[in-house]
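Marked as domain 'Cytochrome c assembly protein' by TrEMBL: A:4-183. The transmembrane segment annotation in TrEMBL covers A:20-42, A:54-81, A:93-113, A:125-144, A:156-175, A:206-227.
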Amino acid sequence: MSIWEYANPVKFIRTTDKVLPWIAGLAAVALVIGLGWGFFFTPDDYRQGSTVKIIYIHVPSAFLAINAWLMMLVASLIWIVRRHHVSALAARAAAPVGAVMTLIALITGAIWGQPMWGTWWEWDPRLTSFLILFLFYLGYMALWEAIENDDTAADLTSILCLVGSVFALLSRYAVNFWNQGLHQGSSVMRAGAATGDTTERVSNVFAVPLFISIAGFALLFIALVFLRTQTEIRARRMRALLARERQA
Amino acid sequence: MMPELGKYAGTVLSAYGASIVLLVVLVAASWRRARKVKAALAKVENPDG
């Protein structure tokens, strides 16, 4: 069985219909456990106090903000190379989800930043690249809406997606590139016992619920992309049928 | 049941509140549009049914 079988819209809908309730259910369970554990049962941080609980929303949403765009990049490349409509529609379906994740990361970052940094916003490399990424999401969605022909829209949005990928990567690595600004570098991937370095890494007390929360956000993203891709496939078919009707 | 959030209670609760509202709106809008489009397509494919 080849992965390209799922480029068939009927096959895609049939398969995702079967797995969607399971993924959505797992997402709900992981989110309730991850966020519930993080909010109710983790201690305050010795420096950040109870604001550390924002990490269970801020980090997963930021992770998804970047990775949703990378998923759109892969789908766009598949469209450009192989012209599979399902991949273009999957990229379109993922954009609003990625935009909301970016918005959540920006809002929770600002709310967290105010008491910790003394400011809601700073033109820091990571914050700025995240804001630009959010604007790219809005531009991407607007471009899809603005062009009537689906194939032309898929072509142009794919190009926009390639350009925006620079900012998606920049928002991940901005801190490393410039090594300045208020936002700290990544400490999450240094969590746990895998590394011997204990400085500036997230303690396991916070890391375990955080990873469960990240899994919950990722599963929610997959469930929403499946549901929204099904919707885009059906909407495209409806437009085609109505156009055929008009011509007849 | 509610954890002691101290002087940052407003900060933490507003971050959670705003995020949960956005996620609920996203899920509800996706679900609503999915049902609407599915019904509309069924009507176009089978106008007599």
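Placed from the backbone N, Cα and C atoms, the Cβ positions cover glycine too.
Nobody curates TrEMBL annotations by hand; they come from automatic prediction.
The shown structure was predicted, so the numbers you read here are calculated from the model rather than taken from an experiment.
Non-local neighbours of the transmembrane segment (A:93-113) in the same chain are 51, 54, 57-58, 61-62, 64-65, 68-69, 71-72, 75, 119-122, 127, 130-131, 133-134, 137-138, 140-141, 144, 182-183, 217, 221, 224-225, 228-229, 231-232; each lies 6+ residues outside the stretch with a CB under 8 Å from one of its CB atoms.
Contact between the transmembrane segment (A:20-42) and the transmembrane segment (A:206-227) is present: at least three CB pairs lie under 8 Å, with pairs separated by 6 or more positions in sequence. Across the domain 'Cytochrome c assembly protein' (A:4-183), the prediction's mean pLDDT works out to 92.
Long-range contacts of the transmembrane segment (A:54-81) within its own chain (CB-CB distance under 8 A, at least 6 residues past either end) are made by residues 34-35, 38-39, 87-88, 90-91, 94-95, 97-98, 101-102, 104-105, 108-109, 111-112, 130, 133-134, 136-137, 140, 154-155, 157-158, 161-162, 164-165, 168-169, 171-172, 188, 202, 206, 209-210, 213-214, 216-218, 221, 225.
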